[in-house]
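Note sheet for the following structure.
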Amino acid sequence: MKMSDFASMLASFKSNAVASASTSSSKSSALPQSSSTSPSQQRSMTRKRPHPDPADGAHNIVVGHTHTAGPSFPSMHESVRHKHQTYQGGGGDDIGFELSFLVIGAQKAGTSWLHALLQKCSPTTRISLPREQKEVHFWDWHYRKGFQWYIRQFDYPRKKLSLTHKKTGEGTPSTATKYGEITPCYVVLPPSTISEIHQCFPNLKLIFIARDMVDRVWSAMIMELRDQNSGRKAGEFAEGVIPGDDTRRLAKEGRSSNSSMSVAQQRRMQQQSLPSSQTDAYFLERLRSETHASRSDYATHLRNWYAHFPAKSILIIDYKEIDTDPRGVLRAVLVHIGIEEDEAKACVEALQDEEVRQKVNAATSGSNADTTSQCLLSQRPSLKKQIQDYVRPFAVEFNLMLKEQGYNWRLNE
Ligand SMILES: Nc1ncnc2c1ncn2[C@@H]1O[C@H](COP(=O)(O)OS(=O)(=O)O)[C@@H](OP(=O)(O)O)[C@H]1O
């Protein structure tokens, strides 16, 4: 079998780790789209990606292999591929790093809420999330930086690379640290990347939160509008410009993203970022854009994951339960990740009510119920109806998938 790029990168990393240690001590899809690349995926595969920043070590893609330019993805690990044909797959046992879980979406479906609670659970359940930020975007934007960069995002002890450390017996499946991350856009990754992920981490657990499609896309469009305040064009965020990266670049150049604007211009921009300032036509145009259309098509994208991972590895959560049974949702996630039932129960029960019921990353701040994103949409019934009509086929398809997978709940159609 031809080795894939990430698999060869991991094989190389493992091989180098072992060398350094010795010196120092499915379900297949029911739809044809799953085996081929759908048009939306082809489009997303061609989207803009940020260039690696040599200043942060992006060029050190694998140990002993220095890349100074940003090579194209398929050729990136060619030399490594030919050197390490013995790679057998598996989860990186030689170096000990095992990615245990990914929350792959949906965007605007309570993933920040889940992140906040997993962080609270991490000391008692040995869950390890990335140190700096919620969304790492390794598998879509930063893969050029390589596994070492990825592993550095976690509190992964370097000494784990030592064989002596391995002999202590730490890291048995039930007690091992569960490394994982939450990047809601991963659900739309192309099948080739999903296959890479599976080859590297076949035991990976996946979590997807499914929110009502109208509410989700409306929330996403409001966020996009708000992001324009920071100087981004509509859709630019989701097309691959990393939040923070442009700020960092502008800071290096000695200006803030809005500093070149007058106060009046900034005020005008803030006004334009309010949903009420935009026409129905604007939102309908954005709704049909690749960014929002593809993220609304839960079923097509999830089927790509089901084509590579066994169904039991994928947990789909009903967003409504975050409201009706937040502790139950958290417990289900913990158990799915591999935390023992008792441990998960104890962790969830130790949390305060305010903690599990908190709203994280809401479209509008403050307690005014009239300004929630859903309320803003209900004030525009004609627009809401058109959004409902647009997403209905996606909801029908997703509900079919839920039925196939044995779930007993459905989204609104
Ligand atoms: N506890 C709780 N219960 C119900 N809903 C909640 C909760 N916490 C967050 N949220 C809502 O989730 C929306 C944000 O989702 P994400 O954090 O996934 O957004 S993002 O993709 O990371 O930007 C965002 O939805 P909107 O307010 O409609 O935008 C949040 O309000």
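From the backbone N, Cα and C atoms, a Cβ is placed for every residue, glycine too.
Residues or ranges marked as active site, for sulfotransferase activity by TrEMBL: Lys108. All chains included, 24 other C-beta atoms sit within 10 angstroms of the C-beta of Lys108 (active site, for sulfotransferase activity).
If you look up TrEMBL, you'll see Arg211, Ser219 marked as 3'-phosphoadenylyl sulfate binding site. Around Ser219 (3'-phosphoadenylyl sulfate binding site), a 10 Å sphere centred on its CB holds 23 further CB atoms from the protein chains shown.
If you look up TrEMBL, you'll see 21-44 marked as compositional bias 'Low complexity'.
Summarising the annotation, TrEMBL assigns compositional bias 'Basic and acidic residues' to 245-255.
Summarising the annotation, TrEMBL assigns compositional bias 'Polar residues' to 256-276.
Residues or ranges marked as domain 'Sulfotransferase' in TrEMBL: 101-359.
The region 'Disordered' annotation in TrEMBL covers 21-88 (among others).
The region 'Disordered' annotation in TrEMBL covers 245-276 (among others).
Only Lys108, Ser219 of the recorded positions listed as Lys108, Arg211, Ser219 bring a Cβ under 6 Å of any atom of ligand 1; the order follows the sequence. In the predicted model, residues of the domain 'Sulfotransferase' (101-359) average a pLDDT of 85.
Secondary structure at Arg211 (3'-phosphoadenylyl sulfate binding site), taken from DSSP and collapsed to helix, strand or coil, is coil.
In this structure, the C-alpha atom of Arg211 (3'-phosphoadenylyl sulfate binding site) lies 8 angstrom from that of Lys108 (active site, for sulfotransferase activity).
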